[in-house]
Amino acid sequence: MSKKDIKKVVLAYSGGLDTSIILKWLQDEYNAEVITFTADLGQGEEVEPARQKAIACGIKPENVFILDIKEEFVKDYVFPMFRANAIYEGEYLLGTSIARPLIAKKLVEIANQKGAEAVSHGATGKGNDQVRFELGALALNPDLKVIAPWREWTLNSRESLLEYAKKNGIEISQKHVDENGNPKISPYSMDANLLHISYEGLHLENPANEPEESMWLWTNSPEQAPDEAEYITIGYKNGDPISINGKELSPATLLKTLNDYGNKHGIGRVDIVENRYVGMKARGCYETPGGTIMLKAHRAIESLTLDREAAHLKDELMPRYAKLIYQGYWFSPEREMLQAAIDATQKNVEGTVRLKLYKGNVTVVGRESSKSLYDDAYSTFEKDEVYNQKDAEGFIRLNALRFIIAGKKNNKK
């Protein structure tokens, strides 16, 4: 598809400097009508100003889409991922990764509604997000062209971006320039939604540097967290959390409430070096307070209700599932296949988990379920009437048979 074939473009638009520059660049470079989409994923920033900024850039009011998709995000993306207990490379709870397929889905839906030939995003050519956005868009509508300005334009420095903005009358906030109009050192590259906030860049680019305490925007430091522990109870049904302390909550409200608990008690900070899909290593710091609590609770209720072999197989599949999400394959048949298998294990994952929150730690202190496979008649250390300990002898000997045979053979040598 050539440039002249593109009449309408749907842009993932934050209202910030970079996407405002992209908006103008699309108008000039493609001579296309731009439609903006701003997602409210619970990032904690006011999204309505994006409407006025888009209109100020010449976008028709009917072409400005601002959608509150927090409930859909948590219910249809975050919760399914947590049923899998997904963690990438042992520590990353995939807060950015899981938001991208939903944004891609909305871009495609708006493009279909408005008859657009293309969608566009502000991800750079060095990161994972370009892959996530584009795999999602192409999986849902392969006829769409995806425009990635960072891979096309010559605006390859902060100075050139600011110069372009000045030239085209794009508003530049004080966080980007000093009192003389010169570029400031860029702030951390941050991304936030209801599940997490991430930080990259600046002194974090040296993996030896400890993050500054002022960087962390959500959580108290564990040292400054309350000196008294707090206990909460999370209720589960079909593998998803449905209540806190007996009160049923919507998915987004539940996650927001867990975030509040986690922030208060300094829970959910991680500092990792991860392997990006494009091949390089990158250092990132993340705050995932509610997700950290949720993961602990979910594993606890599964420990009561999942069959042993189903649980072990699920743990074996988890790294592959997490990798698919990290690399942008949410809409792939293999992810959907794994999801179906994971969801099949969750029908009896219900009950309550009691947790102790204290200075960065989440400790499980109790769990109950009407579907529990734990039977104290068998598990007791006291006298029981149901388990004949002599049965273990044959069980052990049969499982040791290969060792016995091999040992006899080896002893003959």
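Cβ coordinates come from backbone N, Cα and C, glycine included.
The record from Swiss-Prot ties Tyr92, Ser97, Asn128, Arg132, Ser189, Glu274, Tyr286 to L-citrulline, and of the options Ser198, Ser303 it ties Ser198 to that site too. The ATP site recorded in Swiss-Prot includes Ala12, Tyr13, Ser14, Gly15, Gly16, Leu17, Asp18, Thr19, Ser20, Gly122, and the single candidate from Ala39, Ala86, Ala99, Ala139 that the record places there is Ala39.
Scoring each of the binding-site residues (Ser14, Ser97, Ser198) by how many neighbouring Cβ atoms lie within 10 Å, the top position goes to Ser97. When the Cα of Asn128 (L-citrulline binding site) is compared against those of the binding-site residues Ala12, Gly16, Asp18, Gly122, the shortest separation belongs to Gly122. Checked against Ala12 (ATP binding site) by C-alpha proximity, the binding-site residues Tyr92, Ser198, Glu274, Tyr286 yield Ser198 as the nearest.
Listed in chain order, the extra residues whose Cβ falls within 8 Å of the Cβ center of the L-aspartate site residues Thr124, Asn128, Asp129 are Ala123, Lys126, Gly127, Gln130, Val131, Arg132.
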